[in-house]
Structures are given as C-alpha cells and as structure tokens.
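Per Swiss-Prot, these features apply:
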DISULFID  CYS412-CYS442  disulfide bond
DISULFID  CYS418-CYS438  disulfide bond
DISULFID  CYS427-CYS459  disulfide bond
DOMAIN    406-461  domain 'Kazal-like'
MOD_RES   SER246  phosphoserine
MOD_RES   SER636  phosphoserine
TOPO_DOM  1-16  topological domain 'Extracellular'
TOPO_DOM  38-49  topological domain 'Cytoplasmic'
TOPO_DOM  71-123  topological domain 'Extracellular'
TOPO_DOM  145-159  topological domain 'Cytoplasmic'
TOPO_DOM  181-211  topological domain 'Extracellular'
TOPO_DOM  233-292  topological domain 'Cytoplasmic'
TOPO_DOM  314-329  topological domain 'Extracellular'
TOPO_DOM  351-362  topological domain 'Cytoplasmic'
TOPO_DOM  384-492  topological domain 'Extracellular'
TOPO_DOM  514-521  topological domain 'Cytoplasmic'
TOPO_DOM  543-577  topological domain 'Extracellular'
TOPO_DOM  599-640  topological domain 'Cytoplasmic'
TRANSMEM  17-37  transmembrane segment
TRANSMEM  50-70  transmembrane segment
TRANSMEM  124-144  transmembrane segment
TRANSMEM  160-180  transmembrane segment
TRANSMEM  212-232  transmembrane segment
TRANSMEM  293-313  transmembrane segment
TRANSMEM  330-350  transmembrane segment
TRANSMEM  363-383  transmembrane segment
TRANSMEM  493-513  transmembrane segment
TRANSMEM  522-542  transmembrane segment
TRANSMEM  578-598  transmembrane segment
Amino acid sequence: MKISTTQIERRFEISSSLVGLIDGSFEIGNLFVIVFVSYFGSKLHRPKLIGIGCFLMGTGSILMALPHFFMGYYRYSKETNIDPSENSTSNLPNCLINQMLSLNRTPSEIIERGCVKESGSHMWIYVFMGNMLRGIGETPIVPLGISYIDDFAKEGHSSLYLGTVNVMGMTGLVFAFMLGSLFAKMYVDIGYVDLSTIRITPKDSRWVGAWWLGFLVSGIVSIISSIPFFFLPLNPNKPQKERKVSLFLHVLKTNDKRNQIANLTNRRKYITKNVTGFFQSLKSILTNPLYVIFVIFTLLHMSSYIASLTYIIKMVEQQYGWSASKTNFLLGVLALPAVAIGMFSGGYIIKKFKLSLVGLAKLAFCSATVHLLSQVLYFFLICESKSVAGLTLTYDGNSPVRSHVDVPLSYCNSECNCDESQWEPVCGNNGITYLSPCLAGCKSSSGNKEPIVFYNCSCVEVIGLQNKNYSAHLGECPRDDACTRKSYVYFVIQVLDAFLCAVGLTSYSVLVIRIVQPELKALAIGFHSMIMRSLGGILVPIYFGALIDTTCMKWSTNSCGARGACRIYNSTYLGRAFFGLKVALIFPVLVLLTVFIFVVRKKSHGKDTKVLENERQVMDEANLEFLNDSEHFVPSAEEQ
C-alpha cells in the first residue's frame, strides 16, 4: 500500500491526509479481530485460520484494484478538459489575445459535461475497504504461524524455520518494491490507450502509474498461497514417542474439558476469576512505571519511522524531482537490505555482549540519537522551492512573492485571457516554470512534433535575454545540479540511518518482556502492539498527511470545480515541516530513555540482569524485586 500512496492520491484526486486514512485502514481492520484471534486462535484449527487470512488478504487486494476497471480512463488534464488521447498542441492553452477561451463555460455546462464522467471520484472508499479487509486477513498469519511452527517443529529446528520465514518475508518486501518500481513506470491505463499519445512522463506531478496492477498480482498470489493451508493437519505427524505423549495429554485435556462442562457453576466461577485476573494484570502493567515509559518512547520512536515509510516517496519526488519508480527501486535494493542486516546485527550484539536491561536501553538510546542526528542533517539537504511564475515569483519572473495566493497577472500575459486554475506546466529557457503556455505568454508552438516547444513567449522575454528565442518546452524545469547532489547525500544518509536504527530497534523486542513479570509477558506484548497500531499505524499517516497538505501551493481542480490532489508543494516548507515534526517526536524519546536508564539503575540494587540462558533466574529475580519494591501487585495463578 505504501508503495502506491502517491499514485492513489493522484488517481482519485484526494489529499495526503485522506491517503493517510486509507493507509491506516489496514491497522483498523487488524484491530477489529486481534482480540478474537488472540483468544480463540490457539483453540481452533490454526492452519485453516491462516488459510482464511491469506484468502481475505487476497480478496482485499483485488477489491482495492477494482475501481480501476470502473472509473474510465485517467484524464491528467482535467483542469483544461483536454482528452489525454489527443497529443496535439492545438488543445494546449496558448495565449489568445482578444479572444475568449473555449474553457470559459458556465458552471452548469461544466457540471453537465464533467461531473457525470467523474462519478467514480468516491471510489477510493473501495480501496479503503479493501485495505481494511487485508488488515483483517493479516491478523492470524504471523502469531498463529509462528506458534504453529514453534509447537510442532522438531527440537532445535524451530529457530531455523522461523529464520527462514523472516528471510522470505524480507525477500518478499524487496520483490514488492521491485514490482512497485516497474508498475510505477507503466501508465495507469496501459493496454487501453495508445501510449504514444501520452505527453506526460513519470517525473510529471500528474503521472499515475499502474498502481492497480500490484494489488491485482498480490491478490492472486495470496489466494493461491492460501490453498495449501487448508490441507495441513491440526497436529502434524510426530515421532512415535511424542505421538503417544501427545495422545495421553489429549485424553487428559478431553477429560478436563468434560469435567468443566459437567460443572457449569464452577465454569462460571472460572470465567469470572479469569476476567477479574485479566483486569488486575492489565492494571499491574499500566501502573508499572518502566512499562509505561517504554510504551511512550517506543510509540514516539516508531511514529517517526511510520511517517518516513509512508511519505518518503512523496518527499523525494518533491524535494529532488525523482520519479516514484526510481525511489521504489533504490529503497528495495539498498534501504530494505540495510534494515535486514541491521536487525541481524542487533540480535548478534545483544547475544554477543549479553546486554543487561541498562545495556539494552543504551542500545536503544544510540539508535534514537542516530535517528535524531539524521533528521537534523536532512535540514541541510532541503532544496529551495522551484522557481514557478505565479506561485513563488511574479508572472514576469522578476520578483519573488510572499504568498502564492492571488498573484496578479503581469502585463506580459494580462491580455491572453488565461485560466489561472490550469496546470499544464512549461519550462522557459530562462529556467522558470510557468503554470501553462498561456500564462507564459506563448503564442505559437511546434505542433505535434516531439518535444513540444512553444515560441514567442512574452513572459519569458521579459527576463531581458538578448538575441534569444523566447521559448518554453512542455513540462516542469528540472532541479539544478546542487539539488541533485543533495539527493545522493540524502539517500546515503537514509541507508545508514536505516541500518543503524534497525540495530537499536531490536532491543525493544527484548525490553518489553524483561520489564514485566513472566506471567504478564503475553499481555504486555499484546497491549504494546495495540498501542503501536492504533496511535501509530492509524494516526501517524493522517496527521503527517495533514501537515504535508498545508505546504501545497497548487491544487488541481476537477471538472466539478472541487479541489483534487496537490500538483506542487513548497519544498522548503515541506522539508522543514516534515523533518521538524520528526525531530519533535524523537527528542522526547532521548529524554524518556534517560529516565528509563536512571530508574533501572536505581531499582536494580546492583543485580546482574544480563540476558544469559544460565542466568535467566537471576535476571528474573532482579526484575521481580524491582516490581515488588515498586508495589506492583500481580495476581498469582491461584488467585486468578
């Protein structure tokens, strides 16, 4: 989903905040059934539940792709009502002195001609529902799959199998980014229109790749992969001795269940005790200061990563002019392998140096520090906003403007009868981008000859070039060499940041189970996961998207006159706002980790809390002593 966010935003003409809501619908679906799966999953047929989950994920992916087949062809020139299949400059808005534009129709005519064709504008709801269905389907796959492997693998083999699963998962992510890069190069209506008639390129802010193709492929693969799970046994075949023991245990469990059913009164008391014990356990972890601090700083830390993962493609596109295809490719080839290597290295460091609770917290502190420094460095890699006449400059290109709203026309285009809402950018040979050939004052063009060039552009001429052909070519002006160099530095830092932060984040999975009593590990992990999904996975894309929307300088306008997707952002404000909010999230993480380390040192009383297999009891005793000193009562098994 995150690979295609910019494509979906443009195709459905929606804002970044709404795309963030669609992206978070995966976590919403997950939260709907996570309690059911957590409680009933181990009691039901796990392979079949996993198969159902895969099938639901596949169905959801196909549902997300369906709007493409019902929305009609993508019209990238909606503001000008230009048919994208007609690659003719006669349709492009040139300067028409003393003539009325054919586009100056009454609102009723526009609605009559355009709004009917745009009846699919709300079909993003199907993408929302499909992504939610994917979230529902994903819920049983990981927890039940891991427990199934761990329960029935031969002794000593489960780690190998789980490692293989993790490697395959990371390989799948890399493959997904490669496919995303390929599909982003393909035009959205590939196979339906003559591609030679499409005059925009993947670098154009209106370009929409074949976003639907990725969901269609992944949906079909998920449905096919679900089939084998329905034929897996509830209990895989085991050696004869293990089978006899399992049969004996099964008989005992069956008799125990019969006894429970026979005594309904005792069963009601049993349920009541379990419910009471659950709330007592929940109260215990929520009144544990270490756990509360841990939840807060991990939420803040992960929020920064979620924001990067969701909007990194948009950031790179707007800052450095890279296409989504190029960004996806480099992320898949460089950044994701760096994360995988970092996670492996983090696990090795924890095992090699036998890190204590303080050591684990220090490793997390180093991770957060590196991430904070990288965000600070990004401030120096922000490119200046593009020179766009009518947005950052006056239309004659001579003076900057404080606000891009209601920039007055210049004498060079005041008689051209231009529609200022149009977005058909051209690049003048002075290096300035104009919103349309008309607003550049261009009076003639090269016809259908590629590349399309416009001549006699009066606003370009105003710059004062002597003995030059005052022309402009179709498309925005490219970034300068200095900005291009910054883009390469940015990506190098991004890869290093991904690696070093992955090293530190590995410690979080160990910390969460070391700061609570052993019988509360499952509850602590589950509650932490719920907070990460609800306050991180759902909310972060929404409020970061809303922040990004505030930096938009030019919104598209659909044929009904409503606001669509953003065409161009103020890259300077965008970079400062995006990285500034990330710094605001990460800095408190360092403060809370410092407090965390101080509290652990103060309460541990010099106990050796190293993560050693032969010293696990010593570590647990130290943790229990800390919890008891803090007066955090946890109901015992008998009391529950």
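These residue numbers are counts, starting from 1, taken along the chain as shown.
Using N, Cα and C of the backbone, Cβ positions are placed for all residues, glycine too.
As the structure is a computational prediction, the values presented were derived from the model and not from experiment.
Shown on the structure are the features that Swiss-Prot records.
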residue	record	DSSP class
CYS412	disulfide bond	coil
CYS418	disulfide bond	coil
CYS427	disulfide bond	strand
CYS438	disulfide bond	coil
CYS459	disulfide bond	helix
Same-chain residues at least 6 beyond the ends of the transmembrane segment (330-350) with a Cβ under 8 Å from one of its Cβ atoms are 170, 173-178, 180-181, 312, 360, 363, 491, 494-496, 498-507, 510, 611
In this predicted model, the topological domain 'Cytoplasmic' (145-159) has a mean pLDDT of 73
Sequence-distant contacts of the topological domain 'Extracellular' (181-211), meaning Cβ under 8 Å and at least 6 residues beyond its ends, amount to 3-4, 7-8, 10-11, 68, 73-74, 76-77, 84-87, 317, 321-326, 328-329, 332, 423, 452, 474-476, 556, 567-568
Disulfide-bonded residues CYS418, CYS427, CYS459 vs CYS442 (disulfide bond), shortest C-alpha separation belongs to CYS459
Grouping DSSP H, G, I as helix and E, B as strand, the residues of the topological domain 'Extracellular' (1-16) number 11 helix, 0 strand, 5 coil
For the transmembrane segment (50-70), out of 17-37, 124-144, 212-232, 493-513, most C-beta pairs under 8 A are with 124-144
By Cα geometry, the one of the disulfide-bonded residues (CYS412, CYS418, CYS438) nearest CYS427 (disulfide bond) is CYS438
As a whole number of Å, the Cα atom of CYS438 (disulfide bond) is distant from the Cα atom of CYS412 (disulfide bond) by 10
CYS412 (disulfide bond) to CYS459 (disulfide bond), Cα to Cα, whole Å, comes out at 5
Are the transmembrane segment (160-180) and the transmembrane segment (493-513) close enough that 3 or more Cβ pairs fall under 8 Å, when only pairs 6 or more apart in sequence count?
no
Here the stretch out of 17-37, 124-144, 160-180, 293-313 with the most C-beta pairs under 8 Å to the transmembrane segment (522-542) is 17-37
With pairs closer than 6 in sequence left out, are the transmembrane segment (17-37) and the transmembrane segment (124-144) joined by 3 or more CB pairs under 8 Å? yes
Rounded to a whole number of Å, the separation of the Cα atoms of CYS459 (disulfide bond) and CYS418 (disulfide bond) comes to 13
In this structure, the one of the disulfide-bonded residues CYS418, CYS438 whose CB has the fewest other CB atoms within 10 Å is CYS418
All chains considered, the count of other Cβ atoms within 10 Å of the Cβ of CYS412 (disulfide bond) is 22
The answer for the transmembrane segment (212-232), taking Cβ pairs under 8 Å and residues 6+ beyond its ends, is 3-4, 47-48, 50-55, 57-62, 64-65, 67-68, 130, 137, 176, 179-180, 183, 186, 188
